[in-house]
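Per TrEMBL, the features are as follows:
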type	residues	note
COMPBIAS	345-356	compositional bias 'Acidic residues'
COMPBIAS	368-379	compositional bias 'Basic and acidic residues'
DOMAIN	170-298	domain 'TFIID subunit TAF5 NTD2'
REGION	345-397	region 'Disordered'
REPEAT	427-468	repeat 'WD'
REPEAT	500-535	repeat 'WD'
REPEAT	542-573	repeat 'WD'
REPEAT	584-625	repeat 'WD'
REPEAT	626-659	repeat 'WD'
REPEAT	668-700	repeat 'WD'
Amino acid sequence: DRQTLVAVLQFLRRSNLRESEEILRREARLLGDDLGAAALSPAGAGVLGAPGGDADSAGGEALLSRVSAAGAIAIGGSAATVTSSSPGVAAVAAVPPGKGGTRAGAAGWVPGAGGSPPSGPVVSHCIFASSFRLPYKLLLYANAFAVGGGVVVEDQPDVSAVLSAYNQQGDPTLYEEYYSGLKHFIECSLDCHRAELSQLFYPLFVHMYLELVYNQHESEAKSFFERFHGDQECYYQDDLRVLSSLTKKEHMKGNETMLDFRTSKFVLRISRDSYQLLKRHLQEKQNNQIWNIVQEHLYIDIFDGMPRSKQQIDAMVGSLAGEAKREANKAKVFFGLLKEPEFDVPLDDEDEEGENEEGKPKKKKPKKDSVGSKSKKQDPNAPPQNRIPLPELKDSDKLDKVMNMKEAARRVRLGPECLPSICFYTFLNAYQGLTAVDITDDSSMIVGGFADSTVRVWSVTPKKLRSVKTAADLSLIDKESDDVLERIMDEKTASELKILYGHSGPVYGTSFSPDRNYLLSCSEDGTVRLWSLQTFTCLVGYKGHNYPVWDTQFSPYGYYFVSGGHDRVARLWATDHYQPLRIFAGHLADVTCTRFHPNSNYIATGSADRTIRLWDVLNGNCVRIFTGHKGPIHSLAFSPNGRFLATGATDGRVLLWDIGHGLMVGELKGHTDTVYALRFSRDGEILASGSMDNTVRLWDAVKAFEDLETDDFTTATGHINLPENSQDLLLGTYMTKSTPVVHLHFTRRNLLLAAGAYSSQ
């Protein structure tokens, strides 16, 4: 409109931006100071129009094609870059001072096909900042033209209505009308689009509510919340509870989760047809309020092909930030196992099996002279042997490997016809509150972490726990004798139980080192402690987390360990460094559980943001993001061959993931409460799950992973078809009287050990 144009021209003149002023005058056919003849023609008015505008709209094309300027124009301290992307087409980006250019760029693009910016003429969407109560001259800052992204010219919403909409935009009384209008439109659309477009309800609801609260329209916000919160999916209930407590602008400042929601983009995966339908509707209705939120706070990952069904969408959604972008799961992951080092050891006459580090065997082999020479061929999916530095094998490790292989030779082959025996360790009278359990790889020791801040280690074999003698006594020992390792132990200290004191808060995670010389524990006090199992004393306290540490785990090769906590990051440590080697940041809520991949090159983390991430130890990059759980993740287990990951959460579901393709491949339903423990048998034939519902369930892992549909189309679009076969895969359910299962462990011979504390309720 005329008033707007005059204001902008005056601002350009005051800022000495003569060249821009001339271009705008010519465009609006205002020559000299003659503003009288200036009223914009209807086509011209469309130039600064509502979201939409076609490539064919003469006005939109005209303005864009004639704005040609060389170099950057400075607008009152913010740099407006003019990038010409093809002859006669230019895009202008206004970057607010101090923003470093990221927001203007990032906020402005909805990806084209397949989520990557298209080549060819590129002009980004106009984004109008949510701060729409600014004076005119700030308009040019407020992301008026955003560049740096990828939308083809026909997606260009025209520029002039951003200005006109900015007068009446944000009327708090209309928010309910906007939302119910969109709701009505989606509910009346065709079935095939309805499921996809329904994904918009939740993020729009949250952002519109937060916008009302932020702009201090408290009564409108309350009424908006009460009217629409019941329509949201049931798995967002916890988030909505947090949201309902944010009723004032001041509340938002301290709430990290909601700050994240506002700054990180909610990802929706939608087919091109559904997206075009939505865009057309918002243009016809001139619904700028919703369009701005879609632009600013959502990342729409558009794919070509059939829209997804309600079941396919439900399987993948539910996390704090929507689904993962498809790009996030494209990186190559070396999920194969490392080749075993070879060493010569005389073996018994029985057939022996080669095994990998964790004691998981390959196929039966006739006996060999050297142990570990199971395969000269390198697994094609394995990382290079020296990709990350791993500790050298000590003599005691080699000895342990030999023992391991002898055990493996006597291992029971499990399957649907041959289920494992289960031995349950019940912690009775655990008034201290059992909070963590771990069992050594050779099943000789069990450790409990307790809420009274103690760590208790038990021997579960007849062999008692002994400490090393004092220095004075050690000096008397003959170091050359064969049984020197026995002699250094002090018989006077022998006992079945050792209690380790040192933490000043509940102990939430424990982990034995593979060589059984060390024990890790992490606590609410923010530290991870390393204990010696020779002296039963604390060697190091690792201080890196500022808040409670929920989980810690040793690498299958020892030396490295990982910890995750309330500060929303996971840290990789080495036992001889007091600072972390890597910090894995990206989760939007607490990191609740951590696991090393069997080849030690990757770490999986589960979080209260309802996602699982896979991190590369080498460079700290996040290489996979898995979404689909409807509650915080509490258990992770890699299959022995390294190809698959099983995850359990408070939603009672166990989900199965193909790491190489980055896809969900199975869903095991049966538990009625949080799944706290998951473990594959040594050969990977059976998956055991333990839950707060007091049961251990056994699942047929071979059947779950056979005949997987991982064709290119599924990988590209995420059209996963999960078989409804939980009942076929369930091999057995074993109830305890009243003991939630907090840990599971398969011995080297495939006996299943389970542990938990009896609860009298």
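Every residue, even glycine, has its Cβ placed from backbone N, Cα and C.
What TrEMBL says about a protein is an automatic prediction, not a curated fact.
Using a Cβ-Cβ cut-off under 8 Å and counting only residues 6 or more beyond its ends in the same chain, the repeat 'WD' (542-573) has close neighbours at 357-358, 390-391, 505, 508-515, 518, 520-530, 579-585, 587-596, 598, 600, 603, 605, 607, 615, 617. Tertiary neighbourhood of the repeat 'WD' (500-535): same-chain residues 357, 394, 396-397, 400, 433, 435-442, 444-445, 447-457, 465, 467-468, 541-554, 556-558, 561, 563, 565, 573, 575, selected by CB-CB distance under 8 Å and a gap of 6+ residues from either end. DSSP places the residues of the repeat 'WD' (427-468) in helix, strand and coil in these numbers: 0 helix, 22 strand, 20 coil. Secondary structure counts, DSSP: the repeat 'WD' (668-700) has 0 helix, 19 strand, 14 coil.
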